[in-house]
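Now, the feature entries from TrEMBL:
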- 8-141: domain 'EamA' (DOMAIN)
- 12-30: transmembrane segment (TRANSMEM)
- 36-57: transmembrane segment (TRANSMEM)
- 73-91: transmembrane segment (TRANSMEM)
- 97-118: transmembrane segment (TRANSMEM)
- 125-146: transmembrane segment (TRANSMEM)
- 152-171: transmembrane segment (TRANSMEM)
- 183-206: transmembrane segment (TRANSMEM)
- 212-232: transmembrane segment (TRANSMEM)
- 244-261: transmembrane segment (TRANSMEM)
- 267-287: transmembrane segment (TRANSMEM)
């Protein structure tokens, strides 16, 4: 039996969210203080992998889309560029917990922008799921110090707004959209290199082989796969719904931190994380059932 579009989109989005939740661990393992250097290197890695797959695997082109700038993908690429740069800076400059809390507002921001500026109605179940997800995030963070780094908080807010806009405009791009996050990351890399020049080169020369290994793993595998799946899910579910998948990072990041770095999760992390996971799964199941009901022929 063929899966409905809603089920397909939810599976893609949840898988992307789970993969994305490991991003904080990889950035921590890099041990690189220069946030702009991380943004530059991972942007190059993301786009290089995307271009390689596009060139060598013809069947992937319908999903990846054009791995270069066009009038159609310009806005989505621009906002992915901003999100890529701001996320790493927020994570490196401030409290990780605070950053994740602010970014968890992406579904709400997406809903407001979609409703106010594009006059598109937002399903009530999605809004309720977003609210439940925020409650789960609040519980997760209630056992941690929130910090007071204003600059990091601004970077995190810019990330949330940019991600919301990127998802909205990605849903309006004709053709494949998997490559858009990588293209946006490349744009961030180019702008940083143009702005800093030799600083990037000297920074790369100072990195150890181990640090480069973590950069390549995060930039060439984790980010293209995670963001590609979440972006592709906007073909099947609303941008607001796709934003819910980002909440999985807040729910699962404490687990990965414990497994790989030995940081014990708090009771609040377990409770709040469970609420988030149950919320995302429940909304996905509900959306799938609604899709099935809408396609069922009426009884005679």
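FYI, residue positions are counted from 1 along the chain as it appears here.
Cβ atoms are placed via backbone N, Cα and C, with glycine included.
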Per Cβ pairs under 8 Å, the stretch of 12-30, 36-57, 183-206, 244-261, 267-287 packing most closely against the transmembrane segment (73-91): 183-206
Highest-contact recorded stretch vs the transmembrane segment (212-232), from 36-57, 97-118, 152-171, CB pairs under 8 Å: 36-57
Range from 12-30, 183-206, 244-261 with most C-beta pairs under 8 A to the transmembrane segment (36-57): 183-206
Distal contacts, the transmembrane segment (12-30) - CB-CB under 8 A, six or more residues away: 38, 88, 91-92, 96, 211, 214-215, 217-218, 222-223, 225-230, 232-233, 236-237, 241-242, 244-249, 251-253, 256-257, 260-261, 280-281, 284
Positions whose Cβ lies under 8 angstroms from the transmembrane segment (183-206), at least six residues beyond its ends: 34, 36-37, 39-44, 46-47, 50, 67-69, 73, 76-85, 166, 219, 223
Long-range neighbours of the transmembrane segment (97-118), counting only residues six or more past its ends (CB under 8 A): 87, 90-91, 126-127, 129-130, 133-134, 137-138, 140-141, 144-147, 149, 152-153, 155-157, 159-161, 163-165, 167-168, 238-244, 246-247, 249-250, 253
Within the predicted model, mean pLDDT of the domain 'EamA' (8-141): 86
The domain 'EamA' (8-141) - residue tally per DSSP class, helix then strand then coil: 109 helix, 0 strand, 25 coil
